4 protein chains.
Amino acid sequence: MAGNTFGTLFKVMTFGESHGVAIGGVLDGCPAGINLDLEAIQSDLDRRKPGQSAIVTQRKEPDSVEFYSGIFEGKTTGTPIGFAIHNTNQKSHDYSHIKDSYRPSHADYVYDQKYGFRDYRGGGRSSARETASRVVAGAIAKQFLKDIKINAYVSQVGNLSLTTSYKDLDFSLIESNAVRCPDPEMALKMENYIKEIRKEGDTIGGIITCVVQNVPIGLGEPAFDKLHAELGKAMLSINAVKGFEYGSGFEGVKMKGSAHNDQFNPDGTTKTNHSGGVQGGISNGMDIYFNIAFKPVATVIQGYETIDKEGNMVATQGKGRHDPCVVPRAVPIVEAMTALVLADYTLLNRTIKL
Amino acid sequence: MAGNTFGTLFKVMTFGESHGVAIGGVLDGCPAGINLDLEAIQSDLDRRKPGQSAIVTQRKEPDSVEFYSGIFEGKTTGTPIGFAIHNTNQKSHDYSHIKDSYRPSHADYVYDQKYGFRDYRGGGRSSARETASRVVAGAIAKQFLKDIKINAYVSQVGNLSLTTSYKDLDFSLIESNAVRCPDPEMALKMENYIKEIRKEGDTIGGIITCVVQNVPIGLGEPAFDKLHAELGKAMLSINAVKGFEYGSGFEGVKMKGSAHNDQFNPDGTTKTNHSGGVQGGISNGMDIYFNIAFKPVATVIQGYETIDKEGNMVATQGKGRHDPCVVPRAVPIVEAMTALVLADYTLLNRTIKL
Amino acid sequence: MAGNTFGTLFKVMTFGESHGVAIGGVLDGCPAGINLDLEAIQSDLDRRKPGQSAIVTQRKEPDSVEFYSGIFEGKTTGTPIGFAIHNTNQKSHDYSHIKDSYRPSHADYVYDQKYGFRDYRGGGRSSARETASRVVAGAIAKQFLKDIKINAYVSQVGNLSLTTSYKDLDFSLIESNAVRCPDPEMALKMENYIKEIRKEGDTIGGIITCVVQNVPIGLGEPAFDKLHAELGKAMLSINAVKGFEYGSGFEGVKMKGSAHNDQFNPDGTTKTNHSGGVQGGISNGMDIYFNIAFKPVATVIQGYETIDKEGNMVATQGKGRHDPCVVPRAVPIVEAMTALVLADYTLLNRTIKL
Amino acid sequence: MAGNTFGTLFKVMTFGESHGVAIGGVLDGCPAGINLDLEAIQSDLDRRKPGQSAIVTQRKEPDSVEFYSGIFEGKTTGTPIGFAIHNTNQKSHDYSHIKDSYRPSHADYVYDQKYGFRDYRGGGRSSARETASRVVAGAIAKQFLKDIKINAYVSQVGNLSLTTSYKDLDFSLIESNAVRCPDPEMALKMENYIKEIRKEGDTIGGIITCVVQNVPIGLGEPAFDKLHAELGKAMLSINAVKGFEYGSGFEGVKMKGSAHNDQFNPDGTTKTNHSGGVQGGISNGMDIYFNIAFKPVATVIQGYETIDKEGNMVATQGKGRHDPCVVPRAVPIVEAMTALVLADYTLLNRTIKL
């Protein structure tokens, strides 16, 4: 329970630091007999990888995944799937600016306090590089889920907010631009804004919206393990996330019950969907949708003062090639975590009734 | 893993339906040797119980807890603490209006779909009554945590929002009014507004803010089990919750990294606290604060149309004594879940270093 | 993980000390829709209870179970089943002989060392009284398993060993005598021997054999959670158990592979069953059978010397009404734990294939 | 919970089939700050590897482990330790004799039934090759445990039984012979017997005894997770194990309580140790000792009849290079699993008292 496992039945354990030999994981509990499309897995990794466009970090890493077990003649065997992504971009950097001092709003300080020391080459285990392993596991979960459709997209960058309802968007446009916003006009504005921010040597936050469609009724548990609670945890476990809301979310607190209640149609669907597809912690068959808030990346290419291990103030400066805005690359991570949660509950739901 | 267990080391399993014989739970993993103040536990239950003021449901239930084990000569023994709260208010109601039809935005429909049938007397397992068991376990967790101070309060009801920073509030005023808002002027406005809403036979949502002080550095885990992710799950598992944000939250997405970063003081504290006391998933010793959004209660005392089991539209009406606004009674629940999360990580943290 | 939970999907958490208010538990994950026969549950409790015959402890306790939740209109609802058995036989005994001294081969000493103090009235949490809660949960598991037949019986007391293969025994005779040995002649010998032992103020060990029939193929997991490994743990978790063997067991080590291998019949059954119904950790459809060794009860009604808390030697003597031999009352406990293991794997097995 | 994870706090998840790309695992929860001796880890792997002597399989595999993460500047960092052992001996064998037919007392048949198909090249996931990953994790656990000494040795092969008490043995002689029996005379007899068995194309079973010394008082849990129950499960999860007994074991059932009870010395140690170092599921500071029964290896190099997938009887023959007796190579596996159990409880024990 040192926190590197996710899921109960469809369960992944990940390992790896940003500057170690490799990152990877083991996916246990994936049912036998799934025809795995390995290219689809690599494709999701490519959507996450650095260097893919002008608005993300220009670090080059192929992030190609090797599978070690659990797949035979193209199919999952029901046994654990071991995989690794070797780190290829770990040249002997100069780490002196971070080895003995603590970058603000990074985990450097708490790691030293918690563990007694840390792997100071980059973010170590707290690097977002860890999420590549999640993307691999999530891409397998997507293939298991099959008919359930998961689409995430960028809906806000700084103050630029896409207010169109997801129902009026064409999800096929998400991958048509570097920002991963399905509204091409807004996407262009966001892209230009991010470029501007980068020129300033600064960073900016954003929001990702995720929509899940064709969800069967009955996924989720009544008390602690409500479907949206597990989705919330999954999203909040992604680096830089500061908030999660589903359905009517924070705006819903201003509504009266008479307006908020989702009235039924005769077939059990509802006329509105303020509930966001989850009722009492259990999916009701309507679309599940939620928003995830990402803070601005902590590494800014500007000079600043910070403290060293002895508590002395030292002047330093961000270095290296960093993302000016994290949300474009985080879209496949959000999808992956969503898929992992739904895969777990899909298996669990098989055990509920006599 | 049918979702009725919370925590890994400091772990509670709850049971009970709103109209069964009793609700209760087992708390396992509570360390030996804690001098338990049983009155403090009952006092937290009283803060949650129905009928406590004019703005909550007028149902009368004493909610008195009996302990069955795990306590000897006033101290915890390190063995599981079994407890129960007998349901005393389960008269033979007329359930005909809900037995065969589904209340909108309640879990009736999904329960029937998931389990094949349900305990139709009230909300069954999805009733907020289940949270009384959490309050018992959480009140014990508070006593274990000792120096860590947890204060939750109502910061918004409908559009009435308390914008004062928590640092400028006097937490000793929280219990001075029925709303549990530490600003007496705003509390009065909220109280009047809730009374108005009740007269309309309607309900309204709200926000609870929770502040945790004197947190040691090092609670939390780097990857999936980040401290704020577990807090988020804990909050989202409370009935009617639609969103969670901590630190800068959803507003933080509009900030630039240079402004959002929390610069260090020489002693390792930070000048600002946009991070909300958690860095890379691990507590950094600064105050932890977060907001939780509650939707309006689904039961409205107004006529409406809904469907029966056969999918026919039927006219019906909310009955009984319900809360016009859930947040005043949810304050101790938020505190309890916060305490449970922190107790679990406190134990876990003992296992980290050689 | 303080060790009071058993099972992953079909999961029970128990609580209670021998001299507290009540013992009990919560059973979570039991599927919805099972018509519960409550009398069958009480009947298994009666098979375990003290005072049932002349060869067990003469303590009188009705051990009647109350159910608090999870059952509605006679059926399981899929929500947690809370239950308790109130302790009725906890008069204000004189505990001075055990309060400050440690009984040999009891857990008194390790409890004080581990927890700092203990509930010294009887065995506290280490009392076999805790197993009554297991019998309740196991009796529900039996009803869930339905077609799988579990029969346990006493096959050895001291040197008196029943060497007949289980296939040549009539299980309907198990309950025909106080020892629970299906061979009436041997049962009588055992009964007389136990009476003799009791007269000496001494105790004696024994072996229980358990046979599981009509097991579907496929229960169990390949690596750590092999079916027989979980059965072994379940049995070894019962008080006084010192050993577990299944199939050919300890005798099998003397066999050659050519003789030990179970040759197939055309229908997939095997001609012999040295494997004991489990192959590679997974049930193969043949009968599962295993032996469990129980040590002699530690409480002997004879004078002895032991140490007090300060390490002084003190003369003392066993008091109270104790079992001269634990196996007759342990038969339903063995069955209960077997049922819990099989119920868990039955649920788990539903999640294995696409 | 597909059974590939062991441990709660000190937790390993393994992956890999005998004929896949690699086997390996992730060890999570290992505390930070341990100076790892990598050679000691490889050395334990070498004690398990094929081809090490004349009485084990002559297959050649270097079994060299690569570490991917969790170690920095020679120390554990507290983050997960990912590792892999690449399979080097997977030439394109002829599998026709096992692809479509089922070897007796192997897992072939149950795998096909459970998963719908299987990796038919060798034993797949049920191959004992999986235990190499356990040896890696266990070797790290040993280094964490430091002062606790674990010594396993072969005490029986077929009918050749070493009856000397472990106290009269010199553990430094265990590695002095190929059998790993600390009595050189008996070792020679066993070695010759195994050679004879191999000449016959047959196999033979055996017993391993394991002794744990310098155990602190207090490891273990009272109810389900008794220390010896978890040790039993750990041992029974090793391939070919049929039985487990600790302390007085199966022989203890014949003893009377007055003789079996371990009387105290003034310092809390006991005069005898029939309890085997565990009282009420908790270590009492005395030596822990237990026996593990291994069946004869199922692969015999003799002709036999078996069934194919259609249930036809087919004549076939064991091929390849197999172990005539599994116990010499299983010694480090027993030690590894013992170390994993003790490491887990050592961490857990830190959370017990205030």
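Note: Cβ is positioned from N, Cα and C throughout, glycine not excepted.
Here TrEMBL flags C:Arg48 as NADP(+) binding site. Look at TrEMBL and you will find C:Arg125, C:Ser126, C:Ser127, C:Asn239, C:Ala240, C:Gly280, C:Lys295, C:Pro296, C:Val297, C:Ala298, C:Thr299, C:Arg321 tagged as FMN binding site.
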FMN binding residues C:Arg125, C:Ser126, C:Ser127, C:Asn239, C:Ala240, C:Gly280, C:Lys295, C:Pro296, C:Val297, C:Ala298, C:Thr299, C:Arg321: largest Cα-Cα distance, in Å and rounded to whole number: 45
Distance [Cα-Cα, Å, rounded] between C:Thr299 (FMN binding site) and the residue listed as 'NADP(+) binding site': 19
Length of the line joining the Cα atoms of C:Lys295 (FMN binding site) and the residue listed as 'NADP(+) binding site', in Å: 18
Chain B, Cβ under 8 Å: which of the binding-site residues C:Arg48, C:Arg125, C:Ser127, C:Ala240 qualify: C:Arg125
Three-state secondary structure, C:Lys295 (FMN binding site) (per DSSP): coil
Residues that sit under 8 angstroms from C:Ser127 (FMN binding site) by C-beta distance, when 6+ apart in the chain: C:Glu17, C:Ser18, C:Asn239
Neighbour-count leader, CB within 10 A, binding-site residues: C:Arg48, C:Arg125, C:Lys295: C:Arg125
Interface-adjacent binding-site residues, chosen from C:Arg48, C:Ser127, C:Ala240, C:Lys295 when a CB lies under 8 A of chain D: C:Lys295
C:Arg48 (NADP(+) binding site) versus C:Arg125 (FMN binding site) - Cα distance in angstrom: 18
C:Arg48 (NADP(+) binding site) and C:Val297 (FMN binding site), Cα-Cα, nearest whole angstrom: 16
Long-range Cβ environment of C:Ala240 (FMN binding site), under 8 Å and at least 6 residues apart: C:Ala128, C:Gly205, C:Phe294, C:Lys295, C:Val297, C:Val326, C:Ala330
Local Cβ density at C:Val297 (FMN binding site) - other Cβ atoms counted within 10 Å: 25
Per DSSP, three-state class assigned to C:Arg125 (FMN binding site): helix
Neighbour tally for C:Thr299 (FMN binding site), based on other Cβ positions within 10 Å of its Cβ: 22
